[in-house]
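Asker: Feature annotation from TrEMBL assigns domain 'Acyl-CoA dehydrogenase/oxidase N-terminal' to 11-123. Feature annotation from TrEMBL assigns domain 'Acyl-CoA oxidase/dehydrogenase middle' to 127-221. The annotation domain 'Acyl-CoA dehydrogenase/oxidase C-terminal' is assigned in TrEMBL to 233-387.
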Amino acid sequence: MTDERLPQSPEAFRAYVRAWMAEHYAQFQRDWPGRIDPVSLPYRRAWEDTLCRHGWSGLGWPREYGGKALSLSHQAIYLEELARSGAPLGVNLIGHGIFAPTLLHFGSAAQKARYLPGILRNEAIWCQGYSEPGAGSDLAAVTSRARKTQDGYVLDGHKIWTSFANLADYCFALVRTDPHAQRHRGLSFLLVDMHQPGVRVEPIRQLTGEAEFCEVFFEQVKVPSDCLLGQEGDGWSMAMAAASFERGTYFIPRLVQFERELARVRALIDSVAHGLTPIALQSYRQRWAALFADSMVLQLKSRRALLAAMNGEPPGPEGSSTKVHWSEAHQRMLDLALELLGLNLCVPAMQMQAEVAFFAHASLWSRAETILAGTSEIQRNIVGEKILGLAKG
Ligand SMILES: Cc1cc2nc3c(=O)[nH]c(=O)nc-3n(C[C@H](O)[C@H](O)[C@H](O)COP(=O)(O)OP(=O)(O)OC[C@H]3O[C@@H](n4cnc5c(N)ncnc54)[C@H](O)[C@@H]3O)c2cc1C
C-alpha cells in the first residue's frame with residue numbers, strides 16, 4: 001500500500017481497504033506456520049507487524065512524522081474494514097491508539113523523533129501504567145513515587161493490570177512527583193524503558209487462561225529527565241487528554257465484531273430450531289431481536305461520537321453510556337450463545353466444537369469488558385451526574 005495509490009473518495013477508499021484486507025489477511029493465514037489462533041499474542045503481533053510493514057500505521061499522524069494524514073472518517077472506514085475482514089486486534093493498541101496521539105500533542109520535538117518511528121514500524125510496543133492496587137477507579141490515588149535527582153528521577157512503585165506489559169518495550173506511567181501537592185496536581189507522566197534494571201514484570205493469568213496483563217514493579221528505576229512528557233505536575237490533565245484521543249473510533253472495531261458475532265448467534269438459533277418447542281424458539285428469537293436493536297443503537301451512538309469528533313467538539317459524557325451499553329449487551333449476547341450451544345441439539349460436531357471454543361473464550365473475556373477503561377458503576381455515575389443531572393453519590 002502506498003500513499004499515491006490510496007483513493008480519496010470514501011466509497012473508493014472503502015472498496016480498496018476491503019479488497020486489500022481480503023487478499024492480505026487470507027495470505028497471512030496461509031503463510032502462518034502454526035495453528036491459526038486469532039487470540040494468541042504472537043499471531044496478533046505478527047498480523048499487526050504485517051499491517052505496519054505495508055504502511056497501515058500512523059494513518060492520522062502528520063506526514064512529517066511518517067504519517068498518512070488521513071481524515072478521521074477515512075480512519076473510521078479503515079477500522080471498520082479491518083474488523084470486517086475477521087482479522088484480530090493487535091498487541092500495540094496502546095502505542096498506536098493512545099500513546100502516539102498523546103506524544104504528538106504533548107511531546108517535545110526530540111521525544112517525537114525518538115519514539116514515533118518505533119511505533120510506526122511496530123518495533124516498540126507500549127503499555128499504559130496507570131492502575132495500582134490502591135488506585136483504579138480512583139486514579140488520582142496513584143502512589144508510585146518518582147523522586148527528583150540531578151539528571152532525572154528515581155522511580156519506585158507497583159502498577160497492576162498493565163495490558164501487554166510482558167511484551168512491552170516502554171511504559172507511559174502516571175507517577176507521583178510531588179507528594180505534598182493536591183492529589184491530582186502532584187502527578188506526572190514518565191516514559192519508562194521496560195528493559196532497564198529495576199523493572200520487574202509478573203504476568204497475571206486471566207479467566208481465559210491467557211496472561212495479557214501484568215503486575216509491574218519499579219524498584220529504584222532511573223528515568224532520565226528527557227523522559228518526562230510535558231511539564232512536571234501535568235500528568236493528570238495529560239491522562240485525561242490521552243483518554244479522549246480514541247474518542248470517535250474506539251467502539252468501531254468492537255461494534256463490527258458485535259455484528260459479526262450476532263450473525264453467528266442467529267445461525268445457532270436456526271441450527272437448533274427444529275429441536276425446540278415453539279415457545280422456547282420464540283423466546284430465543286426475541287432475545288436475539290433485542291440484541292439486534294442494541295447493535296443498531298450502538299452503531300448510531302458510535303456514529304454520533306465520530307461526527308462530534310470530526311466537528312472538533314470536546315469529549316462528552318455520552319461515551320460512558322456507550323461503554324456500559326456495549327459491554328453489557330455483549331455479555332448478554334454471549335450468555336445467549338452459550339445457552340444455545342449448551343442445548344447440544346443436532347449441530348454437526350465439527351462446527352459445534354469451533355463455536356464452543358470461540359464463544360466460551362469470548363464469554364470469559366467479556367467479563368473484563370465491564371471493568372476495563374472504567375467500570376460499569378463508574379460509567380453509570382458519570383451518566384447519572386453529567387447527563388441525567390442527578391446529585392453526586
Ligand atoms: C482486561 C483489563 C485490562 C486493563 N488494562 C489496563 C492497562 O493497560 N493499564 C492500566 O493502568 N489499567 C488497566 N486495567 C485496569 C482498569 O483500568 C481497572 O481495573 C479499572 O479502572 C477498575 O479499577 P480497580 O480494578 O482498581 O477496581 P476498584 O476501583 O477497586 O473498584 C472495585 C469495585 O468498586 C466499584 N467502585 C469503585 N468506586 C466506585 C464509586 N465511586 N461508585 C460506585 N462503585 C465504585 C467498582 O465499580 C468495582 O466494581 C485493565 C483492566 C482490565 C480488566
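Our numbering is plain: 1 for the first residue shown, then up by one each step along the chain.
Cβ atoms here come from the backbone N, Cα and C positions, even for glycine.
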Asker: Report the mean pLDDT of the predicted model across the domain 'Acyl-CoA oxidase/dehydrogenase middle' (127-221), rounded to a whole number.
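Answerer: Residues in the domain 'Acyl-CoA oxidase/dehydrogenase middle' (127-221) carry a mean pLDDT of 97 in this prediction.
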Asker: DSSP says what for the domain 'Acyl-CoA oxidase/dehydrogenase middle' (127-221): how many helix, strand, coil residues?
Answerer: 7 helix, 51 strand, 37 coil
Asker: Go ahead and report the DSSP secondary structure tallies for the domain 'Acyl-CoA dehydrogenase/oxidase N-terminal' (11-123): helix first, then strand, then coil.
Answerer: 76 helix, 0 strand, 37 coil
